[in-house]
Amino acid sequence: MFVLYLLGFIVWKPWRQQCTRGFRGRHAAFFADAEGYFAACTTDNTVNSSLSEPLYVPVKFHDLPTEKNGSNNSDAEKTPKKPRVRFSNIMEIRQLPSSHALEAKLSRMSYPTVKEQESILKTVGKLTATQVAKISFFFCFVWFLANFSYQEALSDTQVAIVNILSSTSGLFTLILAAVFPSNSGDRFTLSKLLAVILSIGGVVLVNLSGSEKSAGKDTIGSLWSLVGAMLYAVYIVMIKRKVDREDKLDIPMFFGFVGLFNLLLLWPGFFLLHYTGFEAFEFPNKLIWMCIVINGLIGTVLSEFLWLWGCFLTSSLIGTLALSLTIPLSIIADMCMQKVQFSWLFFAGAVPVFFSFFIATLLCHYNNWDPVMVGIRRVFAFICRKHRIQRMPEESEQCESLIPMHSVSQDGESCCS
C-alpha cells in the first residue's frame with residue numbers, strides 16, 4: 001500500500017518536474033554560471049566527491065608603476081628598499097565537481113538574494129527521484145524483513161508482549177548509532193545506556209509476569225520480536241547515516257518506491273511460502289480485507305511516514321524508543337478484546353519502558369546531557385575528598401608522635417656530650 005504515495009507524481013508538481021526535467025530547464029539561467037564554471041572538472045576518471053586533477057597555469061605579475069618624479073626618486077634612493085616577496089611563477093588550480101556547483105553558488109550569494117530565491121533554494125539540496133529510488137531499493141528488503149518478523153511474532157504471542165520485546169531495538173540502535181553515527185545526537189552516553197537498560201528491565205519483568213495465555217509458541221514469538229527489533233535498528237541507523245537531513249529526502253517518495261519494489265520483487269514469496277507449507281495462500285473474506293486495508297492505511301502508510309519523519313527530526317534512539325508508546329494501548333486492547341489478564345509484574349515492567357522514552361528525549365534535548373556521568377564524577381570526587389580528609393589526621397598524628405622522639409634523642413645526645 002506504500003505505492004499510494006507514488007500518486008504524488010500525478011498531483012504534486014515538483015515531483016512531476018523531476019521527471020520532465022522542467023525544474024532544471026526553468027531555473028537553469030539562475031545557476032548557469034556556477035554550473036558552467038564547474039562543468040570542466042567532471043571526467044570519467046575523477047570522483048565526484050573529490051577535487052579535479054591539478055592544472056598548472058603561468059602567473060603574470062603586474063609590477064608597480066615607476067615613479068617619474070625626480071624628488072620622489074631622490075627620496076627613494078635615501079630610503080633602503082624593502083625586500084619583495086617572490087611568488088612562484090606557476091599556480092596550481094583545482095576545481096570542485098559539478099555536483100557541488102549549486103552549493104558553491106549559494107555560498108557566495110547575499111542574504112537578500114537568497115530570500116528572493118527561497119522557493120528555488122529549498123529544492124537545491126533534495127535528492128532526485130533516481131537517488132531516492134536507489135535508497136529505497138536498498139532498504140525495502142530490510143524494512144520488509146523487519147515487519148515480517150513483527151507480524152510473525154504477533155501470530156505466535158500476545159500483542160503487548162510483542163510490543164515490549166520489540167522495544168529492545170533501543171539497545172541495538174544505541175550500539176549501532178555509536179558505531180555508525182550520523183550526527184552529534186548519536187553520541188554514546190551512560191545516561192542513554194541507563195534509559196535503554198531501564199527499558200530492557202521492563203521487558204524482563206514482562207517475561208516473568210507469566211500471562212495466562214502462556215504456551216510453547218511464546219518463545220518462538222519472542223525470538224521473532226527480537227529479530228524484528230534488530231532489523232528495525234539496522235534500518236533506522238543506516239538510513240539516517242545515508243540521509244543526514246530530513247529536508248534532503250522526500251519521505252513519501254521514499255516509501256512509495258519501497259512499496260513499488262516490494263510489489264515487484266517479493267510476489268514470488270506467495271508461491272514459496274505456499275508450496276513449502278509455511279503459510280497457505282488463500283484469498284481473505286471481506287472482513288479481513290477491510291481490516292487489512294485499514295491496518296495498511298493507518299498502521300503502515302501513515303504511521304511509518306510519521307515515525308521516520310520524527311526520527312529525522314530527533315534521533316534514531318528516540319525513534320526506536322517511541323515504539324514503546326504503543327504499549328499502554330496494546331495492554332488496553334488485549335484486556336478489552338481478548339479478555340487477557342496480566343499480573344502486577346507486567347505493569348511494573350511496562351512503566352519503566354514507557355518512561356525510558358521520555359528520559360531519552362530529555363537527554364537529547366539538552367545536547368546529549370549525561371547526568372549519570374556527572375553523578376559518578378561527583379561521587380568519585382566526594383569519596384576521594386573524604387579519604388583525603390581521613391588521611392590528614394592520621395598523618396598529623398604520625399608527625400606529632402615523631403617530634404617528641406626527635407627532641408628526646410637530641411636531649412640525650414647533649415647530656416652525653
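Placed from the backbone N, Cα and C atoms, the Cβ positions cover glycine too.
In TrEMBL, the transmembrane segment annotation falls on 316-333 of the listed ranges 316-333, 370-387. Sequence-distant contacts of the transmembrane segment (127-146), counting only residues of its own chain at least 6 positions beyond either end whose CB sits under 8 Å from a CB of the stretch, comprise 15, 18-19, 228, 231-232, 234-235, 238-239, 242-243, 248-250, 253-258, 260-262, 265-266. Remark: the transmembrane segment (345-364) contacts the transmembrane segment (158-181), by the rule of 3 or more CB pairs under 8 A. The stretch with the most CB contacts under 8 Å to the transmembrane segment (251-275), chosen from 222-239, 287-309, 316-333, is 287-309.
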